[in-house]
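Student: The annotation domain 'C2' is assigned in Swiss-Prot to 22-142. According to Swiss-Prot, the feature Ca(2+) 1 binding site maps to R57, D58, D109, D111, D117. Taken from Swiss-Prot, the feature Ca(2+) 2 binding site applies to D58, D63, D109, Y110, D111.
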Amino acid sequence: MIVSFLYFSSLFPTSLRKINLVAGEKHKDRRMKPSLMDSLLGLLRIRIKRGVNLAVRDLNSSDPYVVVKMAKQKLKTRVIYKNVNPEWNEDLTLSVSDPNLTVLLTVYDYDTFTKDDKMGDAEFGIKPFVNALKMHLHDLPSGTIVTTVQPSRDNCLAEESRVIWSDGKLVQDIVLRLRHVECGEVEAQLQWIDLPGKGL
């Protein structure tokens with residue numbers, strides 16, 4: 001087998017044999033290096049519902065929008081003008097590879113000519129929601145409470161949060177009290193999206 005390989009390789013120019021060798025090495029490296037898709041568990045869809053009693057940053061109102069960050073990912077909603085009780089009802093979808101990471105939500109006031117004003121932030125973990133997903137529940141009556149998360153120093157929940165089985169899927173409604181600001185809350189909902197070949 002070795003003799004045969006050497007014989008056939010001698011039929012090709014040296015430069016072509018080098019190209020094949022380099023291509024083979026690159027292919028080997030690509031197989032050995034884990035990609036983002038390999039570590040991906042699924043997608044977290046965060047529906048930013050609305051803001052309640054947000055801080056005033058302009059003359060009599062604010063132009064708020066929400067920025068959501070997790071690890072190196074950053075997404076934002078549209079701006080709603082002149083409203084301290086805005087309704088976004090907008091979905092922001094993050095890829096999740098580590099369920100221990102927290103999500104940072106920050107509200108800003110949009111300004112045309114100056115730097116956008118910060119209107120508070122809140123942080124929350126997704127571990128309780130992920131743990132409920134790992135139960136692999138099926139065929140529960142819609143509205144069944146699977147688990148609850150209490151407000152504590154470790155989260156920014158304004159009230160008890162429930163993970164609920166709703167229309168064939170798990171969702172978690174959360175009300176976040178904003179920090180580093182005089183007032184304001186943001187209501188959101190978490191939902192998990194499975195990917196083909198992936199899972200918890």
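Our numbering is plain: 1 for the first residue shown, then up by one each step along the chain.
Backbone N, Cα and C atoms are what each Cβ position is placed from, and that goes for glycine too.
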Student: Give the distance between the Cα atoms of R57 (Ca(2+) 1 binding site) and D63 (Ca(2+) 2 binding site), rounded to the nearest whole Å.
Tutor: 8
Student: Using the centroid of the Cβ atoms of R57, D58, D109, D111, D117 as reference, list every other same-chain residue with Cβ within 8 Å of it (recorded Ca(2+) 1 site), in sequence order.
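Tutor: So the additional residues around the site are S62, D63, Y108, Y110, D116, M119.
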Student: Compute the mean position of the Cβ atoms of D58, D63, D109, Y110, D111, which form the recorded Ca(2+) 2 site, and then list in sequence order the other residues of that chain whose Cβ is within 8 Å of it.
Tutor: R57, S62, P64, V79, Y108, T112, D116, D117
Student: Give me the CA-CA distance between D58 (Ca(2+) 1 binding site) and Y110 (Ca(2+) 2 binding site), in Å, as a whole number.
Tutor: 10
Student: Ranking the binding-site residues D63, D109, D111 by other Cβ atoms within 10 Å, which is at the bottom?
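Tutor: Relative to the other binding-site residues in D63, D109, D111, D111 has the fewest Cβ atoms within 10 Å.
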Student: Rounded to a whole angstrom, what is the C-alpha distance between D63 (Ca(2+) 2 binding site) and D117 (Ca(2+) 1 binding site)?
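Tutor: A Cα-Cα distance of 10 Å.
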Student: Just to verify a number: CA distance, Y110 (Ca(2+) 2 binding site) to D117 (Ca(2+) 1 binding site), in angstrom, no decimals.
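Tutor: Cα of Y110 (Ca(2+) 2 binding site) to Cα of D117 (Ca(2+) 1 binding site) measures 7 Å after rounding.
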Student: Determine, from DSSP, whether Y110 (Ca(2+) 2 binding site) sits in helix, strand or coil.
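Tutor: Assignment for Y110 (Ca(2+) 2 binding site) reads coil.
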Student: Using a Cβ-Cβ cut-off under 8 angstroms and a sequence gap of six or more, which residues of the chain neighbour D117 (Ca(2+) 1 binding site)?
Tutor: R57, S62, Y108, D109, D111
Student: Report, as a single number, how many Cβ atoms besides its own are within 10 Å of the Cβ of D58 (Ca(2+) 1 binding site).
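Tutor: I count 14 other Cβ atoms within 10 Å of it.
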